[in-house]
């Protein structure tokens, strides 16, 4: 085969001696047509590829733009949602605050209404109590004014009322002048010493002489009547009559009794024989019906006293009651003078004061009627 190859190579012309062969017309047209066909196919393919790439790039761009748009919308929605959450939270707080204020306002209104009702009830109770006290005082004053009118009208120096002046009656017909059973600073009057001696002898008319010093003091006090014990008239009576008459064994209770008599807040009432009232404090403090709270002695106590509105009762013996009522009668009379209820001559008022002082002196010495 190598030999054949060499032979063939020797038969062929040498390089560089190729002749240019002109193609024929038909072959040239075929070549151009083939080239044109090949070029058109390539151009179509490249155009399609370009269109596909453009489509791909446009779809990617659309996707990217769509995702960006959606992200922006989502971000806006999130912001709006946060704002709405904050607004809802603020409105919730406002609602809670309004509900709390409404509850507090309702509670305060109810409390104010209850307070007003309580105050109204308290004022009504106080008004009713004052009305009852005023009616009681009016009744008491009317009774005292009636008694005072009787004293002024029916008892004169020329024609004295023997019922109001028991010392002018005969010993066999002597009676005791009784006061109210339960009136503040008033009680029954004391009988004179002459009425204690029951004799058949006629009663001699007693002689009286005005003491110039005492009468001058009384006149000075009558010019401007007062209950202040610093004036000479009342200062003497306090030292000589009121003080000794209200000087009991129980000093502390005696002082309370004196203050109650001065303030016109002392109440004396009889003790019921069937059922004894309940004592609101201990028996040792107020004593019992068989022991006097002022003297501390074992006595049958027919009366009891109450100081002001304390509600505490103290049982007293007849002798202590006589001493207290004698002082109460004196203060009642000088109060009448101070209030302008006594329409008498100055000398007649002076002798009535002296009579009341004599009652206090007799009571201090232990003289009292058996009816006490």
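Here the Cβ of each residue, glycine as well, is placed from N, Cα and C on the backbone.
If you look up TrEMBL, you'll see 1-57 marked as region 'Disordered'.
Taken from TrEMBL, the feature compositional bias 'Polar residues' applies to 43-57.
The residues of the domain 'GDP/GTP exchange factor Sec2 N-terminal' (58-149), classed with DSSP into helix (H, G, I), strand (E, B) and coil, number 92 helix, 0 strand, 0 coil. Annotation source TrEMBL lists domain 'GDP/GTP exchange factor Sec2 N-terminal' at 58-149.
Marked as coiled coil by TrEMBL: 67-151.
Shown for the compositional bias 'Polar residues' (43-57): DSSP residue counts in helix, strand and coil, namely 15 helix, 0 strand, 0 coil.
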